[in-house]
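To start, the structure under review is shown below, and the notes come after it.
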Amino acid sequence: MTDPMTAHLNAHATLFETIDTLTENGKLRRLAGAFARFVATLGHTPPPLLLACLLLSELEGRGHSCLVLADLAGDPSPQVGWLDGEWAALRAAAAQGGGSLPRNVNGWRNALQGCEQVWPVGDLDFNQPLVLDGERLYLRRYWRDESTVAASVRSRALALAGPDGEVDTGGIRAWLDRLFPHAAREGGPDWQKIACAAALRGQLAVITGGPGTGKTYTVARLLALLFATAGEAAPALRIALAAPTGKAAARLKQSIDMALDELAGKLGSDLALRDLAARMGGARTLHSLLGARPDTRSFAHHAGNPLEVDVLIVDEASMVHLEMMAALLAALPSHARLVLLGDKDQLASVEAGAVLGDLCAQAESGNYDAATCDYVLAATGETIPPAFRERDGGPLAQRIVMLRQSRRFGGPIGKLANAVNQGDADAAREVLRAESDGRLRWIEGARPGDVLALAVAGRPGAGAGYRDYLERVREGPGGDYEGWVNDVLKRFEQFRLLCAVREGEWGVAGLNEAIEAKLETAKLIRRRGEWYVGRPVMVTRNDYATGVYNGDIGLTLPDPLRPDSLRVWFSDGEAVRSVLATRLRNVETAFAMTVHKSQGSEFLHTAMVLPPQANAVLARELVYTGITRAREFFTLVSPNAAVFDQAIAGRTQRASGLRQALGT
Ligand SMILES: Nc1ncnc2c1ncn2[C@@H]1O[C@H](COP(=O)(O)OP(=O)(O)OP(=O)(O)O)[C@@H](O)[C@H]1O
């Protein structure tokens with residue numbers, strides 16, 4: 001006799017067969033089918049629920065935190081990159097399981113809210129795995145995280161440091177005038193100064209801006225201001241610096257230390273800034289700040305055991321995913337001031353959510369209310385221009401300041417990044433083709449050999465690609481092993497090849513192999529199995545035993561004490577540290593890496609390789625992020641010029657309920 005569960009799954013045999021075929025063909029991730037099967041074991045499962053679960057899981061893998069019912073009622077193919085009638089095939093197969101599928105949003109909502117696996121928000125809660133909130137379907141944990149973030153951001157946005165009358169705007173103004181002695185360069189108000197004042201007004205500040213707009217410069221001055229205006233509390237002020245990755249954390253600490261040191265020189269003994277820098281300690285990854293525990297999703301710090309901080313600065317906030325932001329906000333004591341720094345236009349986190357983008361949805365237009373404009377005038381002497389005054393600005397808009405003038409990125413790379421950000425393909429192509437000063441180069445109609453030549457030898461005026469560090473490796477350490485390691489690591493950071501995709505000849509996997517072969521032919525490396533001298537690797541999973549984390553990049557060099565064994569060296573701010581190569585289990589070769597993984601890093605010369613065909617991940621944010629990883633030189637390599645236009649035409653809009661919940 002067939003048990004009821006098997007009988008139930010059999011009723012959907014055609015649908016599961018179609019799901020399996022799509023999975024085999026790489027159109028669905030395995031987890032999506034497995035999740036749909038799991039939900040089917042939990043009770044009666046009508047075909048609309050199965051389809052919704054399948055899509056929800058597939059979308060989660062692509063960074064969306066929920067499924068919008070309008071997409072179900074319409075056609076979700078664009079979000080999942082289906083081009084060949086996959087959605088129609090799934091619908092047809094689902095219909096064979098019995099009954100017709102809903103035709104509109106109302107129909108889908110009715111079908112889903114009647115299912116025992118779904119909790120319609122507001123009904124009695126039985127801890128069902130799926131949550132239906134208005135016109136969005138969630139996996140319960142994302143709904144919980146989104147609710148935590150929305151509630152916490154709302155209450156922090158509302159909490160003023162005191163009625164504005166009680167904030168000593170005169171005192172703030174006096175310090176700000178010293179910290180920002182020069183007027184803003186391109187007319188308009190000094191947004192950096194305004195950002196500092198805004199952050200002093202409440203418990204949340206978001207400072208967004210493109211590369212080189214002075215986010216770190218501003219935040220160093222904000223720290224000085226907080227310290228200067230804290231009065232007797234100053235010596236006890238607990239400040240923490242954090243970022244999503246170790247590399248970004250190290251960069252933040254380094255830049256803040258430098259900026260504070262420079263300020264200390266200017267302000268003399270009026271403010272003990274060097275003491276402040278020393279007391280702050282290092283910058284940490286968010287995982288380490290929250291006390292990540294191996295193999296669990298929970299942290300040592302949470303609402304019941306909050307972080308011991310008064311001020312928390314988080315850099316590269318665009319990389320912070322929804323789950324991490326929820327954990328961070330839950331663990332932050334309510335009195336603490338949170339300052340988020342990041343570029344809202346960059347790619348969102350690899351994991352689900354686009355929190356910074358959602359928070360900053362209206363940052364361009366400012367939307368400051370009259371109270372903010374009055375406060376800013378009193379605290380900074382700056383007048384917010386009418387164009388940035390209130391339209392429909394709520395409390396959150398008052399907490400967000402966008403820095404609009406880049407100090408480092410004014411040249412052709414900045415122009416290109418701007419054009420891409422505006423989706424202006426004509427302007428972007430024009431800047432690229434002008435190849436100003438050799439800063440930009442576009443290899444159109446590229447062949448694989450062009451990428452390899454670039455990787456091995458760079459291009460004239462823009463450095464020698466990977467040849468440079470490998471030749472230094474070949475020279476050997478001489479008498480100063482650590483100096484040599486430092487130099488090799490620095491040279492490796494001068495050039496990087498970024499890919500939009502992982503698979504195929506133009507993806508990370510194919511290019512890494514091809515580059516290794518080419519370097520071997522050029523006698524720059526000598527492979528001896530997986531590990532060899534000069535191999536760059538990227539860590540793909542946190543490993544608490546060896547102290548290396550997802551995204552860390554290291555170089556393989558001979559062990560100074562036992563030349564036969566290899567160690568992988570990582571930069572740790574100014575210092576270096578190493579791990580025996582054979583102890584690193586989750587690593588991959590990193591001559592080529594994805595744009596996603598390059599976030600938080602910059603290279604003197606960045607080359608970005610686009611694939612020959614457009615696909616769902618290839619969007620404006622990705623191209624913008626790739627370009628803005630270049631400090632001095634940028635090369636675009638594309639086998640098919642049309643793909644560049646297609647990529648920047650599309651924006652990635654991640655499905656989330658956060659904008660609505662926050663009114664942004
Ligand atoms: N108001 C200013 N006056 C003088 N120099 C400035 C000012 N603002 C920024 N700079 C300089 O411009 C450069 C870029 O600033 P900063 O590194 O703070 O930008 P950022 O937005 O943090 O960049 P990234 O996105 O790359 O982290 C630095 O050298 C900084 O010292």
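Including glycine, each Cβ sits where the backbone N, Cα and C put it.
Whatever TrEMBL says is automated annotation, not expert-curated.
Note that the structure is predicted; figures quoted are calculated from it, not measured.
Pulled from TrEMBL:
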type    : residues                                                       : note
BINDING : GLY209, GLY210, PRO211, GLY212, THR213, GLY214, LYS215, THR216 : ATP binding site
DOMAIN  : 201-406                                                        : domain 'AAA+ ATPase'
(request) Let me know the DSSP-derived helix, strand or coil state of PRO211 (ATP binding site), please. (result) coil
(request) Using CB under 6 Å from any atom of ligand 1, narrow the binding-site residues GLY210, GLY212, THR216 to the ones that qualify. (result) GLY212, THR216
(message) Cβ within 8 angstroms of the Cβ centroid of GLY209, GLY210, PRO211, GLY212, THR213, GLY214, LYS215, THR216: which residues besides those meet this for the ATP site?
(response) TYR217, ASP343, LEU403, SER406, ARG407, ARG408, PHE409
(request) Quick one: give me the count of other CB atoms within 10 A of the CB of GLY214 (ATP binding site). (result) 20
(message) Let me check the 10 A CB neighbour count of THR213 (ATP binding site). How many other CB atoms are there?
(response) 22
(message) Is it possible to get the count of other C-beta atoms within 10 angstroms of the C-beta of LYS215 (ATP binding site)?
(response) 25
(message) Averaged over the domain 'AAA+ ATPase' (201-406), what pLDDT does the predicted model reach?
(response) 90
(message) If I restrict to non-local contacts, at least six residues apart, and a C-beta distance under 8 angstroms, what lies near THR216 (ATP binding site) in its own chain?
(response) LEU252, SER255, ILE256, ALA259, ASP315, LEU341
(message) Counting across all protein chains present, how many other Cβ atoms fall within 10 Å of the Cβ of GLY212 (ATP binding site)?
(response) 20
(message) Need the DSSP three-state call for THR216 (ATP binding site) to compare against my parser.
(response) helix
(message) Excluding near sequence neighbours, so keeping only residues 6 or more apart in the same chain, what lies with its CB under 8 A of GLY210 (ATP binding site)?
(response) ASP343, ASP345, LEU403, SER406, PHE409, GLY414, ALA417, ASN421, THR628
(request) Identify which of the binding-site residues GLY209, PRO211 has its Cβ surrounded by the largest number of other Cβ atoms within 10 Å, counting every protein chain shown. (result) GLY209
